[in-house]
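This report refers to the structure that appears directly beneath it.
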Amino acid sequence: MTDLPDHLDLDESDVRVRPGRRGSRPRTKQRPAHSDAVDGFVTGVSRGRYDVLVPPPSRRRRDVERALERGEGETLVAVTARELGRGGVVVGDRVRVVGDLSGGRDALARIVGVVDRTSTLRRSSEDSPGGHERVLVANADQLVVVTALADPAPRPRMVDRCLVAAYDAGMDVLLCLTKADLASPEEFLALYDPLGVPAVVTRREDGHVVGVDELRERVAGRVSVLVGHSGVGKSTLVNALVPDAARAVGHVNAVTGRGRHTSTNAVALALPGGGWVIDTPGVRSFGLAHVEVEDVIGAFPDLAEITTACLPLCTHLPASPGCALDAALAAAPEGERAALGARVDSLRRLLLSRSDDLEGPR
Ligand SMILES: Nc1nc2c(ncn2[C@@H]2O[C@H](COP(=O)(O)OP(=O)(O)OP(=O)(O)O)[C@@H](O)[C@H]2O)c(=O)[nH]1
């Protein structure tokens, strides 16, 4: 009689997960149980079912990265192995899947592992400061904050909060100011100039949206999360960037978000030239109670350097006694004081938007 190796009897219930801040990586008692697992990219999550893009069979061993970056392959429906827990897999996650990979109507694949994340965009639950937080999107490298210059009026406070969330996640930020045909962008741009945040300005002209080309260049080949209030023109931009987005997500119209306004489920849409935009229909801002002061200051290396001279518990806010930022301002040469002052003010504005959350429910 031939002795079969034990590992052939293993399945995903044998996966051992080691959780951690930077995601979880599956540990199997004996790895060969999932030697047939293929790499995938999570594009959507709904009621415990995950849309997972897997490369075409010919590219599952080689060239996987390129296929997933370009959105090539087939989107499967998958569930997660029990050990991965609830909420353990989010849009943007790189996963390993096994099971029925045929993609047929009733086919169900199974996610057995999550690859270490390069970034996690998180939000605290807004009614429990300092409490529960959850990951919204994994592995994104850019947060595109979409805000209208008029109709609806811009909300710097919301933009500030998005910036803090992005810095916490280690993501780049891009401001996208829409509806410049209704109001000038100058004032708003000046507000963010000291922070060095890049901005793209779009406007409607003769029925077309001008400025989308620059946005397209800035999202090309990257994984960008789009966030913005209802009515700012986010859908218009997503439509321009991903012309067949509605088709790609089937019967649910992820572009307009119609019928899913109360949902905060993110949806990843492949850009025609490579890269992804992740639309976040119900996400308008971020609970920031989980964010550490250092994570915000870390995004401003010049100011971070100055704050090394502060007392250990310095909040760096305006009334903070002996804050080295104030000393640096007082000592700054006349010609540099205004620019440094603007930058310090901007940083303090961001720190304030975070400390608001620590004080109690809003
Ligand atoms: N004047 C002007 N109107 C615009 C511009 N971009 C979009 N709009 C209009 O603004 C309105 C809202 O645009 P949407 O793209 O639906 O905005 P949204 O942010 O996706 O809003 P929801 O669908 O409610 O989430 C629509 O009537 C658009 O035609 C622009 O650049 N200028």
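Along the chain as shown, residues are numbered 1 onward.
Heads up, the Cβ atoms here are built off N, Cα and C, so glycines get one too.
According to TrEMBL, the GTP binding site annotation covers Thr178, Lys179, Ala180, Asp181, Gly228, His229, Ser230, Gly231, Val232, Gly233, Lys234, Ser235, Thr236. With a 10 A radius on its CB, Lys234 (GTP binding site) counts 25 other CB atoms from all the protein chains.
Annotated compositional bias 'Basic and acidic residues' per TrEMBL: 1-17, in sequence order.
Taken from TrEMBL, the feature compositional bias 'Basic residues' covers 18-32.
The domain 'CP-type G' annotation in TrEMBL covers 118-286.
Summarising the annotation, TrEMBL assigns domain 'EngC GTPase' to 138-284.
Look at TrEMBL and you will find 1-36 tagged as region 'Disordered'.
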Close-lying binding-site residues around ligand 1 among Ala180, Ser230, Val232, Thr236, where CB distance stays under 6 Å: Ser230, Val232, Thr236
Residues that sit under 8 angstroms from Gly228 (GTP binding site) by C-beta distance, when 6+ apart in the chain: Val145, Val146, Thr147, Cys176, Lys234, Arg284
Chain-internal residues, separated by at least six, CB under 8 A from Thr178 (GTP binding site): Val146, Thr147, Ala148, Leu149, Thr202, Arg203, Val232, Gly233, Thr236, Leu237
Entry from the binding-site residues list Ser230, Thr236 having the most other CB atoms no farther than 10 A: Thr236
Entry from the binding-site residues list Ala180, Val232 having the most other CB atoms no farther than 10 A: Val232
